[in-house]
Amino acid sequence: MPHLVLDPHLILDKVSVHYDGQAAPAVERVSIDVAKGDFVVLVGRSGCGKTSLLNVAAGLVEPVRGNARIGGTPITDPGPDRAVVFQNDALFPWLTARENVAFALRLRGVPQAERARRADELLALVKLGGAGDKRIWELSGGMRQRGGLARALAAEPEFLLLDEPLGALDALTRERMQTTLLDLWTAAQVGVLMVTHGIEEALVLATRIVVLAPGPGRVVRTFETGFSRRYASGEPIRGIKADPAFAAARGELTDAIFEGEAA
Amino acid sequence: MSVTSYSERPATGTDESDAISVPWSRPARKRRAVSSRVVSAVTILVVLAAWALSARLQLVSPVFLPSPAAVWTKFIVVINDGFVDATLLQHIIASLGRVFAALLAAIVIGVPVGLAIGISTVGRGIFDPLLEFLRPIPPLAYLPLVIIWFGIGEPSKILVIAIAMLAPVALSTASGVRGVSRERINAARSLGATRAQVVRHVILPSALPSILTGLRIALGAGWSTLVAAELVAATRGLGFMIQSAAQFLVTDVVVMGILVIATIAFVLEFIIRRIERQLVPWAGRE
């Protein structure tokens, strides 16, 4: 099917993850389909296997059953078509912000002469334009995550895998970074698979929310949501959050996450 | 704490001293604490004074304990005229040359060994027991074997020092490698880095602070085996100088040599700490 190659999907197909030495599987038979342009968010209580699923998609964890594919090709290793951004920035402290981004460009084979210019473009894209010469430890938490995003985008991925990228940030920075994420998602035309603990964050960002439950990790519900597309088409984020529909969706999502658990 | 004690707290609490009223916080002392540097300086002065006094009062024979003035005079004499056919500077250069040659060898062997221990279980299986075997052996114990195998030339002296340095370098490297954040490695792999690129561009720089700490410890360990290394067939070096002086009961040269060795060790430590701050400014700041 040639259209799959032109518009590849990131597919987790009945994936089960079972770590060595653990009695129960971490994830059992979970299927997720991320198309380019999708923003799929995984939410759920601790131990529901969100990060395991993300790592399977990244090629960092091998499923015991089922498989992960991208454009029909099985995922066996990490690759620049699926750049990962972690909660704690994984930037290199011995390099400047620009050099960190240039490192990713170098791995992709961008000629040296172009790297600095291209890195500056990417830093400007994540609103870190003036900080190219700064060392990583001179940056705030939010700036580091922006740097991490710029470096991930430097790989020119088809999909971004985000493992609680805003989890370590304070509430105000987090709010600002959410719109940055949406801007990047729109600009870079990528598919996103993201793990978060934030219920509101999931609603703001997702086009689809997959609710997982623990013991073993499995899908309990899937929501199609439209708030992020409304932002992408120009509606201000505060207006969206003030919409009664947003509050209703929030209640429904919260119920789904804590379903079966004593309130 | 019980709830009552909470309700009894004064409601104001804007005053600085009342701001933290948890029971374990003591009010700040008005008296300024004495800095530990001052205490150290006083300690050194007291020891020097005791030394000078006991020499002046002739409590012990100068053969056993020469006066500070005698040691200082000898220091000047050895700088200018030398002792056992070499000036103090030549002795120092000979010793420093051996220690740095040994350090180079320890880096060339120890860093890759440490990498192997930190990265692969096979490497760990091979090198861990060897290093643990080597580490606790005192240099004087393996010195005879080194001489039997490699003779009494310069390589043997360097080897004795290098053996003492190997374990600190390798083990610090290994612990640095094991401490590299998983996320940092995974992020690089997801950007398309090969295994070799991850080692070169992620693991090695990440372990650099730990490697430098290892070099600092190794330099200390190597420097302290100096006397043992220069026991046999040396014609120059601080350790050799001390031993020759001891044989002729020139105690002031022995004491002077000890002080020079200590001073150089202190200076080396200081220099390496400066290098660390220059080279890995991010250590402890991540």
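Just so you know, glycine gets a Cβ as well, placed from its N, Cα and C.
Source: prediction; values computed, not measured.
Positions annotated as region 'Disordered' by TrEMBL: B:1-20.
According to TrEMBL, the feature transmembrane segment maps to B:34-53 (among others).
Summarising the annotation, TrEMBL assigns domain 'ABC transmembrane type-1' to B:92-272.
When Cβ-Cβ distances below 8 Å are used as the criterion, the transmembrane segment (B:99-121) is approached by residues 127-128, 131, 158-159, 161-162, 164-178, 199, 203-204, 207, 211, 214-215, 218-219, 222-223, 226 of the same chain, each at least six residues removed from its ends. Taken from TrEMBL, the feature transmembrane segment covers B:99-121 (among others).
Residues or ranges marked as transmembrane segment by TrEMBL: B:133-152 (among others).
Among the features that TrEMBL reports, transmembrane segment is placed at B:158-181 (among others). With a threshold of 8 Å between CB atoms, the same-chain residues lying at least 6 positions outside the transmembrane segment (B:158-181) that come near it are 98-99, 101-103, 105-107, 109-111, 113-115, 117-119, 124, 127, 131, 134-135, 139, 142-143, 146, 150, 202-203, 206-211, 213-215, 217-219, 221-222, 224-226, 228-229.
Feature annotation from TrEMBL assigns transmembrane segment to B:202-226 (among others).
The transmembrane segment annotation in TrEMBL covers B:246-268 (among others). Here the transmembrane segment (B:246-268) has Cβ contacts under 8 Å with residues 62-66, 70-71, 73-75, 78, 83, 88, 92, 96, 219-220, 223-224, 226, 238 of the same chain, all six or more residues outside its ends.
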Beyond the flanks of the transmembrane segment (B:133-152) by at least 6 residues, Cβ under 8 Å: 159-161, 163-164, 166-167, 171, 225, 228-229, 231-233
